[in-house]
């Protein structure tokens, strides 16, 4: 198993808002500033300072995560095989295609090898560019080949530093979004500081570098920043067109780099749909955003050789349904409260019905089953019946796909982030409910507000979008821990915006009859500054300690295995084993695999379940027949899976296989009544006894404390 061991050491001022504000360019005594030129120069100066701070924080974050990665692994000192092993599970698979493109005789040959790949899945030729989101590896490898940098930068460093550089883009995008919402770059500074000090819960880039989300989330953050700007009022036509272009580019890049893009954008589309239903954002802009989502996804579909999973996505069906339903119901936003509520309920039902109908029709036409495991998982997760489906249970038993742990909130509260977030979320939610009710009722003010004119509540479209965005992605994170990184990063933006927002403090002070313009500005700047000082005082020493802690990559068993494979097996050898390990085998040795961790294909899922019978209670003849059907020459057994203790009974891989095969599980505990004892012992345990019934098919050729490699006999 891969471990990390201790290393052995050898000897503010506010920027003017784009949106109109009653305090803008007004002194406390109410007199308009006479020196407009001086005011403009002052604004330009502070915008420049804010931009410099944003870029500096982005670069510092990149250096920070790069230093942590180096300090954890001693990456600059370890061997190439150890560097590659450090790209664990699917990370190694994605990086292998970058390595393949770098080592190809030419760019054309490298691309041909990806389009007609017969080493990722034995006895099958697949199109990697169609199946997986690896265009970023292709682009980066081509860039490395054509730039005159080969003598100065190793390919692996060019790759990882690109990913760390994207972290700068990510932080800058979060900074800009918060700045746009609040009108002051102090808010962006606070958001970036929260992102860094909550690193454990906001990113995992330093130890899962090639993971698709580490490529995609920076572009998603840029898209959110562009949408935030687009939803501002009083934009000039040129500004609107440029912003829409930026949204499209960011949406396209986000979609191109992550296979789960359609599900994230579906949540985003739901946010836009909710806001449009309650008339909280302009319908014309929402329509453009729907079209951009569809067109960006379809462009990716073309680049991925018309990937059927994209065509059958719920996002395309939902967006098309909304546009059709809106055409049918032209007077949706007219009438009184009850009339509009009735129309709204009918509209929602129409959209949902059309979405399911269109999606089912597309999947029927395309015979699409690539994403069925996701819906099986969701059905089981939310209690719509128990399942014995192997794929669904494989997800259900992984901690990453479980509920968000409660200790996450205690960590986020230590930096005050979660406390501030809940405070801002409560205020904004109350404001949103009041504004939505007012919009539906068609009145200018809610009745109980008419008596308190000074407390009239408004909610700007950009703030409304970010509110619904954070609520929906918060629900996603609470239900699935792996998706928390989409929420926690935006939490930094939303909390800092609320703490630095003139509108928020103005509303609070007016409602308690303490409002003055001067008092609002004092609170708006003083509380964020105090928060920044607290964060610096409490967490700066810890960050410095973290940066000074030196460790070293240590996984001698896997290194020994990879070296043995390279030295003692032919280049054409086919290996079977666990998905996670085989990704490393492909990267480190270039050998052909039977299965791999990229799970978005029905045939691969069936194949993986069959290969995993090496950990089930099956006869040696059955296992041999299954492995040979996939052209297997060698099978790798892992003690960490065969004798697994990480998961509880019922969630160990061998238990999932037993349940799927209808067999009673090992160990003390209850079994479902229809499960029966197997006629055979567990294969991975029994093969080590070298019984004749096993040795006739399998010969052990390598073993260490972790791995056992068996060569399959080639019977006629």
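Every residue gets a Cβ built from N, Cα and C, even glycine.
Where the annotation comes from TrEMBL, it is an automatic prediction and has not been curated.
What TrEMBL says about this one:
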type     : residues : note
COMPBIAS : 21-31    : compositional bias 'Basic and acidic residues'
REGION   : 1-31     : region 'Disordered'
TRANSMEM : 44-66    : transmembrane segment
TRANSMEM : 179-196  : transmembrane segment
TRANSMEM : 216-235  : transmembrane segment
TRANSMEM : 241-258  : transmembrane segment
TRANSMEM : 270-291  : transmembrane segment
TRANSMEM : 297-324  : transmembrane segment
TRANSMEM : 344-362  : transmembrane segment
TRANSMEM : 415-437  : transmembrane segment
TRANSMEM : 463-481  : transmembrane segment
TRANSMEM : 487-509  : transmembrane segment
TRANSMEM : 521-540  : transmembrane segment
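Beyond the transmembrane segment (241-258), the same-chain residues lying 6 or more positions past its ends with a Cβ under 8 Å from any Cβ of the stretch are 133, 135-136, 212-213, 215-216, 219-220, 222-223, 226-227, 229-230, 235, 264-265, 288-289, 292-293, 295-297, 299-300, 303.
Beyond its flanks by at least six residues, the transmembrane segment (297-324) meets 127, 129-131, 133, 135, 252, 255-256, 259, 261-263, 265-266, 269-270, 273, 287, 290-291, 350-352, 354-356, 358-359, 362-363, 366, 368, 370-371, 600 of its own chain at Cβ-Cβ distances under 8 Å. Between the transmembrane segment (44-66) and the listed ranges 179-196, 270-291, 344-362, 415-437, 463-481, the one holding the most Cβ pairs under 8 Å is 179-196. Outside the transmembrane segment (179-196) by six or more residues, the chain places 12, 14-19, 21, 46-47, 49-50, 53-54, 57-58, 61, 64, 171, 202-203, 225, 228-229, 232, 415, 417, 462-463, 466, 489, 491-493, 495-497, 499-502, 524-525, 528-529, 531-532, 535-536, 543 with a CB less than 8 A from a CB of the stretch. Residues 18-20, 166-167, 169-170, 173-174, 176-177, 180-181, 243-244, 246-247, 250-251, 253-254, 257-258, 261, 264, 281-282, 285, 289, 460-462, 464-466, 469, 485-486, 489-490 of the same chain lie 6+ residues outside the transmembrane segment (216-235) yet bring a C-beta within less than 8 angstroms of a C-beta in it.
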